[in-house]
Amino acid sequence: MVRSMDAIVPPWRARPGYRESRAVSGLLSRRVRAMTTRSAWGLGLATVTDDGSTLDVWYPRPVLGDEPADGHSDLLATLSAMETKDEARGVHTTVVRTWADLDDAPRTVAGSYLRLHVLSHRLAEPNTVNLDGIFSRLPTVVWTAAGPCAAEGFEATRMRLRRALGRPVHVHSVDKFPRMVDYVVPTGVRIADGARVRLGAYLSEGTSVLASGFVNYNAGTLGRSVVEGRVSQGVLIGDGSDIGGGASTMGMLADGGLKRVSIGERCLLGANSGLGIPLGDDCVVEAGLYITAGTRVSVMPSGGVVPGGHGLFREPRVVAARELAGASNVLFRRNSQSGAVEALPRGGKSIELGAAR
């Protein structure tokens, strides 16, 4: 069994016979308690290549905080019995213990996978776990029906696998992130195509990801929602919202700002629409309309009737869409005659998800 820690125990504390004074021990324990309030621990099964590179780690039962008192002894026995060597894939599996400070960037493959499991197990919401640099920590893996394989020299691996299996090798993808459903299946969700939800996605109970939907890692839903479009990394969808077929969300504001795109409760992104600003509650983006932070939007109070100072109709106020970030009860549409993008009040009308979906 291998121990993997993003925070290393100081070597002077690991020396045989080392004893701390009571004062030093108390200070360190207080620091550890403060640090572990934002930490996670997991007992996992790692896939390791013959040259010692870790391809993936499966954590069946991750927890927040430090290692439990019993160390998950029952799980340890189960995982230890699953340790094996696969000559055809050129890998072996081994049990690992991993601890990570969730406020620190991942420094190992094991630490990266623990963070992704924490998200998909709903132990922490997206954007609350530090994932900085995770792409550089995760290896590119050939994900096959026989298990993960190293990308380097895969054609030789394919030959060995085909000889061992007696049939063609099914390759799901060549990517850094695996399918969530191969590691975690959250309760109360529907996922029509497992390949379209990455490990690290956060799906609340009642969520349906339809066949054309996609949910990236560190993104997801905070309630009962329907996803038929793309939910990009970092995007959160509120309860009762519907992402229509072909709709897309940007992870950040289009102008490179630090404000993340999010969608409030009971919102609807129409089919083939797009969103590059945060929305409040009860908003609708018309089908086919893509709103970026810099989109010029005509604000139409009173349903488009804007009286002027002398009883005449004046031109509506035109603003960049970023100025409407977080607004609630708004309908965004494109005027079919002028082509202008307009924002109108919805009058508090609610959106309800169809049960048949």
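Here the Cβ of each residue, glycine as well, is placed from N, Cα and C on the backbone.
Nobody curates TrEMBL annotations by hand; they come from automatic prediction.
Annotation comment: TrEMBL describes GLU228 as active site, acyl-anhydride intermediate. In the three-state DSSP scheme, GLU228 (active site, acyl-anhydride intermediate) falls into the coil class. Neighbour list (GLU228 (active site, acyl-anhydride intermediate), Cβ cut-off 8 Å, at least 6 residues apart, same chain): LEU210, SER212, GLY213, ASP242, ILE243, GLY244, GLY245, GLY246, ALA247, ALA271.
With a cut-off of 8 Å between CB atoms and residues at least 6 apart in sequence, the same chain places GLY229, ARG230, SER232, SER273, GLY274, LEU275, TYR290 near SER248 (succinyl-CoA binding site), listed in sequence order. Summarising the annotation, TrEMBL assigns succinyl-CoA binding site to ARG230, GLY245, SER248, ALA271, GLU286, ALA287, GLY294, ARG333, ARG334, ASN335, SER336.
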Fill in the blank from the handout: Using a 10 Å radius on the Cβ of SER336 (succinyl-CoA binding site), the other Cβ atoms enclosed count 6
Completion exercise
If you rank the binding-site residues ARG230, ARG334 by how many other Cβ atoms lie within 10 Å of their Cβ, the lowest count goes to ARG334
Completion exercise
Using a 10 Å radius on the Cβ of GLY294 (succinyl-CoA binding site), the other Cβ atoms enclosed count 13
